[in-house]
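Note sheet for the following structure.
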Amino acid sequence: MNTNKNTVFDLKSKFKPSGDQPQAIEKIVKGFKEDKFKSQVLVGATGTGKTFTMANIIQSLNCKTLVLAHNKTLAAQLYSEFKEMFPDNKVEYFVSAFDFYQPEAFLPKTNTYIEKNSQSNNDIEMLNLSALNSLIERDDVIVVASVAAIYASSPPDDFFKNRVAYKKNQVIPIKQVQYELVNLNYQRNDVDVTHGRFSVKGDLMEIGPGFTDEFNYRISFFGDEIEEIAKIDPLTKQVITKLDEIVLPGAEVYLANRDTLEESLKRIKDELTETHKNFLKQNKLIEAQRILERTNHDIESFKEFGFCPGIENYSRHLELRAQGQTPYTIFDYFDKDWLLIVDESHMMVPQIRGMYNTDRSRKETLVEYGFRLPSALDNRPLNFNEFLSKTDKKLYVSATPNEWEIEESQQITEQIIRPTGLVDPIIEIRPTQDQILDIEQELRKQIANKERTFITVMTIRLAEELTEYLRNKNIKVAYLHNELKTIERFKILNNLRKGIYDVVIGINLLREGLDVPEVSKVLILDADKPGFFRSDKSLIQIIGRASRNVNGKVIMYADTITEAMDKAIKETERRRNIQIEFNKKHNITPKTVIKPIALDLSKNDADINIDELISKNKKSKEKIDRTVKKLREEMLAAAKNQEYERAAYIRDIIMELEANKK
């Protein structure tokens, strides 16, 4: 692994830290560098620029960083922002590579075995491989990850060993190179060389590195000697640059170590013998027969291919780990001195806590009924204590941190002042009687002022009825529900910003991507009802949706003031008073956030009706593959022309198509 410590994180931005950012950056950096704090919390109000603060902290601490986000969409958003701020450093993306995942399970009550069923996303697998490869090779790396980070990954030593290097003037037969690539799970394809594939035409070999689709390698042979190595454009085949040496990791994140495979198989056989014997002692003949047949079938696959379906269930033996030993994860690719940032920690920490028990409960049933060896229990995510032990620098970031993060941390830093001077919105409580008529009147005022509105409700029925009512009143309204695909959601929010809609109604308006500056009013129905969506933390998050506009206001419809409402209102007033005082002291006039509306893709060739496309091609996987190939070429061309929004849009279309392949 790379041990060079001359890391330099170079933050590029036209902005300088302002508002509360300078004091927050200084305080947190000092806490880690001088005070040697292990855990800190950044309490950042919505719109105060928490991501920019994180970027400045990374630059000041100058160490590898892992940023955890609680879902793929938020992770993608952070990845995009960090990539823009650190163009000369390595910013990577590490999330679950499954578009669809149904884990293996057994339901004893109905005697139903559910086979693992999944749809992998090749592009995300490539990005995950790129993240591990960068951590092995470089120190100036930021990885943005989802909860996938706590799940088992290839051991760093194995990943490092499963690489091949080729040098100019090296004497090696072309067949030997092919053999080595196949051993690393590269596939020969002389027609379409994408990542993880290679082609051979005469004395020319083209390789799509497993970790990127931005370029391919071309190796020219003269007899058994490598005459030239070049990095080439995958589409045009033009030479980007000539190289003296290349290093290729495996085509997949997880590869069995062939050097230790014999020992691994012996361990599997020994455990099988013991498990089979135990089932027979208990007179569990069906389970005994089942574990014998299933495991022997997997052993034969290992012998022939070095691989088997469900290979991850044998990870303890393949990695020669002891029973109960902590599995290897992406955390093990970081050096001792690195930073962990847990973004939206109020959501992320509970998610991490719950993963271990959920996984173990399912696998214990599989083991009990002979579907898996007991060692399958060691193919697992980290438990919470293991997660906490992985680094001595943890920063929890949230507008509403939980009590656990507060108690765990040695220092709490508030970031309340916004660089724009915007203050938290005014909150008004109104009775529920005649609330629908009142909402209609409020929306008429908003429309007259050319400002937008969010309405959050508690039930699907109310959301649908209110949407229908407002449409009948000729109000341009959209309902943001959880069945919408990412692209459709993106379009609705874009259309709200452009005025195609005046109001958006939703149940969970806490999700990422709802920072819309044009929204000056948020209406909260059933504000006094108990439940997660009306807790004090949730209410503060909802209130924050109106904090991007100078005219921000929140109306709560309620007949009583609950404890949660009272806490949220008092905290908002506290922050608002601090912000107003700061503005007076520094003579700052608040300004609505100016945020460019994303590229209008409806006028672009890339604007494709996904449902229609899938419907047309659902009987032909080949047709979808051809369409994906064409779109991938468009995506690469758009990225090359720096049309990043269009490229991202096409990427989302590709992901939707591949997820729906039969």
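Cβ atoms here come from the backbone N, Cα and C positions, even for glycine.
What Swiss-Prot records for this protein:
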BINDING   Gly44, Ala45, Thr46, Gly47, Thr48, Gly49, Lys50, Thr51  ATP binding site
DOMAIN    31-419  domain 'Helicase ATP-binding'
DOMAIN    438-597  domain 'Helicase C-terminal'
DOMAIN    625-660  domain 'UVR'
MOTIF     97-120  motif 'Beta-hairpin'
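All features noted in Swiss-Prot, drawn onto the structure.
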{"residue": "Gly44", "record": "ATP binding site", "contacts (Cβ under 8 Å, 6+ apart)": "Ala24, Lys50, Thr53, Val397, Ser398, Ala399, Glu414, Gln415"}
{"residue": "Ala45", "record": "ATP binding site", "contacts (Cβ under 8 Å, 6+ apart)": "Ala399, Gln415, Ile416, Arg418, Asp424, Gly544, Ser547, Arg575"}
{"residue": "Thr46", "record": "ATP binding site", "contacts (Cβ under 8 Å, 6+ apart)": "Ala399, Asp515, Gln541, Gly544, Arg545, Ser547, Arg548"}
{"residue": "Gly47", "record": "ATP binding site", "contacts (Cβ under 8 Å, 6+ apart)": "Arg418, Thr420, Leu422, Asp515, Gly544, Ser547, Arg548, Val593"}
{"residue": "Thr48", "record": "ATP binding site", "contacts (Cβ under 8 Å, 6+ apart)": "Gly19, Asp20, Gln21, Gln415, Ile416, Ile417, Arg418, Pro419"}
{"residue": "Gly49", "record": "ATP binding site", "contacts (Cβ under 8 Å, 6+ apart)": "Gly19, Gln21, Gln415, Arg418, Pro419"}
{"residue": "Thr51", "record": "ATP binding site", "contacts (Cβ under 8 Å, 6+ apart)": "Leu78, Glu81, Phe82"}
Note on ATP: the CB centroid of Gly44, Ala45, Thr46, Gly47, Thr48, Gly49, Lys50, Thr51 has further same-chain residues inside 8 Å, namely Thr53, Ala399, Gln415, Arg418
Residue counts for the motif 'Beta-hairpin' (97-120) under DSSP, helix then strand then coil, are 0 helix, 15 strand, 9 coil
The correct three-state DSSP answer for Gly44 (ATP binding site) is strand
Averaging pLDDT over all residues of the domain 'Helicase C-terminal' (438-597) gives 89
The number of other Cβ atoms within 10 Å of the Cβ of Lys50 (ATP binding site), counted over all protein chains shown, is 22
